[in-house]
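Just below is one structure, and these are the notes that go with it.
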Amino acid sequence: MENMQYGEELVREFLVFRGFTATLQCFDAELGTDIGKGFQVDRMLNLIFSVYIPKFQPDKLLSLLNFFKRYITSTAESAYLATLLKLELSILRCYVVHALQSGKTEKVVEFFGMKGNDMLHTNPDWTCWFAIPYLKNPNLDPQFRIYFSREWYDALQLSVRNFFCVVFNGSRLPAILKISSEKNTVHRLKKDIKQLNLKLSQLQALLEEKEAHLIQQKSESALVPAVKKDQIGDVPTINAESLLRGMCEEGIPFCKDDQGAVASSAPLLDESESRQHYNYNAPQKFISFMSSDSICSSSYAHPGEERQGSPYTENGETALEELPEVKVDFQETFLGHTSPISRCRFSASGDNIASASVDGTVRIWTYDPSTPSSRNATIYCGTEITALDWDCKSDRLLLIGTADGRIKAWNVDAKRVVCDLSTSKQFSRVLDVKCSPVEPIFVSAAASKGQVTNSIQTLGFASLTVWNMKTWKAMSVLPLGEDPPAITSLCFNHNGKILAASAIDGMIHMFDMAAGLQITGWPAHDSAISSILFGPDETSIFSLGIDGKIFEWSLQNPGQVLWSRNCSRFCKPTSASCRHEMALDANGKRLLVTSDLVRAPIYQVQGDMNGLRTLPHSAAITTVDWHPTLPIFLTGSADNSVRVTSIL
C-alpha cells in the first residue's frame with residue numbers, strides 16, 4: 001500500500017509538472033471509483049454479484065471485464081485469458097437470468113439490443129439466448145433450466161473467486177510501483193559503495209606506507225659494507241661425533257652401529273635433534289590423528305554433501321544436487337541468535353521478521369535498511385519456542401507459543417507482552433498457533449506431555465482451543481473425539497471459515513469455524529504429519545509427513561492425490577521442537593521444504609521443472625517461510641543464522 005500511494009503521488013507530480021490539469025482531474029475521479037478495487041478478491045466479488053448485476057449496470061460490468069482482459073493481456077499470465085473469457089460468458093448469462101427472475105424482461109431486451117451484435121460475433125453460443133426474453137417460463141426450459149438453479153450460481157461465484165485469487169497472487173507489479181523498492185536498493189548500493197571506497201582508501205594508504213618502508217630498507221642495505229660470504233653466508237660445520245657423545249651424556253639412547261655408520265652423515269643431525277625433543281612415535285600418531293580428523297570433517301562438516309555426490313534417484317525423485325541452484329538477486333544473513341533457529345516468520349506485510357531459537361529467545365528485525373527499525377526487539381521467554389504466528393491483518397501483534405503451555409502476545413509498537421495466556425495443565429505443550437485472516441481470533445494446538453522422548457509420534461493427546469484476541473479469553477474447544485492424537489500443524493483458508501489440522505496419526509481434519517464442528521477428514525500419511533498448507537486456489541491442501549513424503553490432496557475429492565514428492569533423502573524424522581516445515585510462495589507455484597542437509601529443495605508445484613536448491617548454510621535448515629508478496633524466502637539453520645534470499 002505504501003508503494004501504491006508513492007506511485008500515485010509520482011503520477012500527480014508529473015501531471016502537474018506538464019500542466020495536464022484535465023488529466024489530473026480524471027485521474028482523481030477514477031481513483032475515487034478504483035475499478036480494480038486494489039485487487040482484493042472479496043471486494044471484486046461484491047462489486048460484480050452485489051452491485052453491477054443486482055442494480056442492472058451492464059455497462060459497468062462489461063467495462064470491468066474488459067479492464068481485466070487488458071490487464072491479463074499486458075502481463076506474462078496471458079494463459080489466463082481463455083479462462084476469463086469463459087467466466088465472462090457465465091457472468092453475462094447470470095446477469096440475464098437475474099433480470100428475468102426479477103421480472104425485468106425489458107432489461108434483457110435492452111442489454112441484447114446494446115451488446116447483442118458484439119456478443120454474437122464473439123461467441124455464437126449466444127444465438128439461442130436471444131429468444132429467452134420471449135419464453136413464458138425459461139426456468140423450465142431444458143436448455144436454460146440449469147442457469148436458474150442455486151447450485152450453478154454458487155459454482156459460478158466460487159469459480160470467479162478462485163480465478164481472481166490465482167490472478168491477483170501472481171500479478172506482476174507495474175514498473176512505477178517498483179520505483180520505491182529500486183530507490184531503496186540504490187540507497188543500499190550507494191552505502192555499500194561508500195564503505196568499499198573507504199576501505200579501498202585505507203588499503204591504498206597502507207600499500208603506500210609499505211612501499212615507502214620497503215624503499216627505505218633497500219636504501220639502508222645499500223649503505224652497509226659487503227661482508228664476506230664465509231662470515232655470514234656459510235653454516236658452520238657441526239661435528240656429528242661430538243654431538244652424539246653429548247647426547248649419550250644426556251642419557252638419550254642410540255645404537256652403536258648406527259653411530260659408526262652415520263657419524264659423518266649430515267642428515268643424522270636432524271634425526272638426532274628430533275629424537276632429543278620428541279618421542280619418536282609421536283609424529284606418526286599426530287599424522288594419523290589428523291588424517292582421521294580430515295576424513296571426519298569431509299564426512300560431517302556438511303551433512304549429506306558426500307551423499308549428494310552419488311548420482312542416483314529414489315522412487316523417481318531427483319536428487320538434491322541435481323536440481324539447479326537458485327539465481328539470487330540479493331541475500332542478507334542475520335546473526336543475532338546464539339543457538340539453533342527453531343522458527344522464523346515474515347509479518348503480514350513482509351516488512352518485519354520474527355525468528356526464534358531453541359534457547360527461548362525471539363528476535364524481531366528487518367532485512368531492508370530502508371524499513372524503520374523501531375520495532376526491532378528481543379524477547380526472552382525462558383523456555384523452548386514451539387510456535388510463531390503474526391496477526392494476519394496487521395504487523396502489530398506476534399503470537400508466541402512455548403513448550404510449557406504459554407501463549408504470549410507481543411505488541412511490536414509498544415514493545416511489550418500485552419497478554420500471557422496459559423493452556424490447561426492437562427495440555428501443557430503448545431505445538432502450533434494460527435491467526436484467522438478475517439476475524440480477531442486464533443486457534444492453538446496443544447498436547448499432553450506423553451512419553452519423554454525425542455520422537456514427535458510419542459506426544460500425548462490433543463486439544464484445539466479458539467481464543468478471542470480482543471478479550472484474550474478462550475471461546476470454545478473444537479471437537480476431536482475421545483483421546484485424540486496430538487495436532488501438529490494448523491492452517492486457515494483465505495476467509496477463515498475453514499481450519500485444517502494435521503495429526504500424529506497421519507490424519508487431516510477439516511473444521512467449519514462458524515459451526516465449530518469437524519466437517520471431514522481422511523488418512524493422509526502412514527506416519528505423523530509435520531506440516532500442512534492450503535493450496536494457492538484453495539481447491540487442494542499440501543501435507544508433509546515426518547517420513548519425508550509430500551502430498552497435494554484434492555479438496556473437491558478428499559483422499560485424491562494431485563501431486564507428490566518424496567524428499568526423505570534430506571528430510572528425516574526429527575523431534576517435536578524442530579519438526580520439518582514447508583512454505584508456499586506468493587504465487588503458490590514453489591514449495592520450500594526444510595532439510596537435514598545444508599541446502600533445502602524448492603519444488604515446482606506446477607509445470608515441468610523439478611525444482612531448485614537453495615544456497616548452502618553451514619548446518620541443517622530447520623525452518624522456512626516465504627514473503628507474502630515477493631519472491632523472497634527465509635531459511636533458519638542449526639548454525640544459528642537466518643537468511644533472507646531474493647531470487648530472480
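Every residue gets a Cβ built from N, Cα and C, even glycine.
Keep in mind that this is a model prediction, so the values were computed, not measured.
Residues annotated as domain 'ARMC9 CTLH-like' in TrEMBL: 55-169.
Look at TrEMBL and you will find 179-220 tagged as coiled coil.
Summarising the annotation, TrEMBL assigns repeat 'WD' to 334-375 (among others). A mean pLDDT of 91 is what the model gives for the repeat 'WD' (334-375).
TrEMBL lists 481-534 with the feature domain 'Anaphase-promoting complex subunit 4-like WD40'.
Distant neighbours of the repeat 'WD' (522-557): 162, 165-166, 169, 456-457, 488-494, 500-508, 563-574, 579-584, 587-589, 591, 593, 603, 605; these residues of the same chain sit at least 6 beyond its ends, with a Cβ under 8 Å from one of its Cβ atoms. Positions annotated as repeat 'WD' by TrEMBL: 522-557 (among others).
Among the features that TrEMBL reports, repeat 'WD' is placed at 614-648 (among others).
Note on the repeat 'WD' (614-648): residues 302-303, 325-335, 337-346, 348-350, 353, 355, 357, 367, 578, 581-586, 590, 592-602 of its chain, located 6 or more positions outside it, place their CB under 8 angstroms from a CB of the stretch. Counted with DSSP, the repeat 'WD' (522-557) comes out as 0 helix, 20 strand, 16 coil.
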